[in-house]
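Over in Swiss-Prot, the protein carries these features:
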type: DOMAIN; residues: 7-181; note: domain 'Era-type G'
type: BINDING; residues: 15-22, 62-66, 130-133; note: GTP binding site
type: REGION; residues: 15-22; note: region 'G1'
type: REGION; residues: 41-45; note: region 'G2'
type: REGION; residues: 62-65; note: region 'G3'
type: REGION; residues: 130-133; note: region 'G4'
type: DOMAIN; residues: 212-290; note: domain 'KH type-2'
């Protein structure tokens, strides 16, 4: 029987790098569906997370951070953002309050072009002001909130802390009210559209970001080459290759006496076991593939570029 009051729709999370979009999505779902690191520009693909309750199904799209385009990979990531916007019923920019209060001059640099591009939008828009937990004196936020109202006069401006989950229940309620009426598009127990292989590769990439310094994690890619169920041993056997752009990066990923790759593999295996709900045997290999970020065919093979 069709529920005429049920709501269902797509919400595009967008904004500058390191604003907390992925942290917010994981917090809204109460489960990890996208990787989170302290480094900006971690997300490369559109990640879909699904929140279902008795009254609504909200389909969130976590997108790469909006930044200046540098190279084919970066261009592909920015294209993913605008493709998500075309699909969205609600547009939800997410920004780092702490950054813009400390550096108000960055506000027009980062957000004015986005506000201008969306000026004619008639779809609902919620501007999420994240990381408000970093301010004891909330009055310091008033100039920022005032400027955001000027930039997005029709939008709801909503302060939250994704890390501490402050304000999230009210945010979910606001989103639900703005969703169009319609029936659920996914089963009620599904929380993401990402295949297990993709999520496994993302977990390995997250650990690379956590262990490697400077520019190295930005020049690595992970490809899960095989996935087999070993019923005799009761485990999932996964072979993944880490591609790096330079020989020196390979040495850094492996580490002295293999200590770095061992730590990356151990931490990744624990998260993958939680993901699959069972024992995992993970083997990681490191290969050099120079200029892979400019290789269109390779980017397509990795799922980083549409066919």
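These residue numbers are counts, starting from 1, taken along the chain as shown.
Every residue gets a Cβ built from N, Cα and C, even glycine.
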Compute the average pLDDT of the predicted model within the region 'G2' (41-45).
56
Neighbour-count leader, CB within 10 A, binding-site residues: 15, 18, 21, 63:
21
Secondary-structure category, per DSSP, in which residue 132 (GTP binding site) falls:
helix
So, in DSSP terms, is residue 21 (GTP binding site) helix, strand, or coil?
helix
Helix, strand, coil residue numbers for the domain 'KH type-2' (212-290) per DSSP?
33 helix, 31 strand, 15 coil
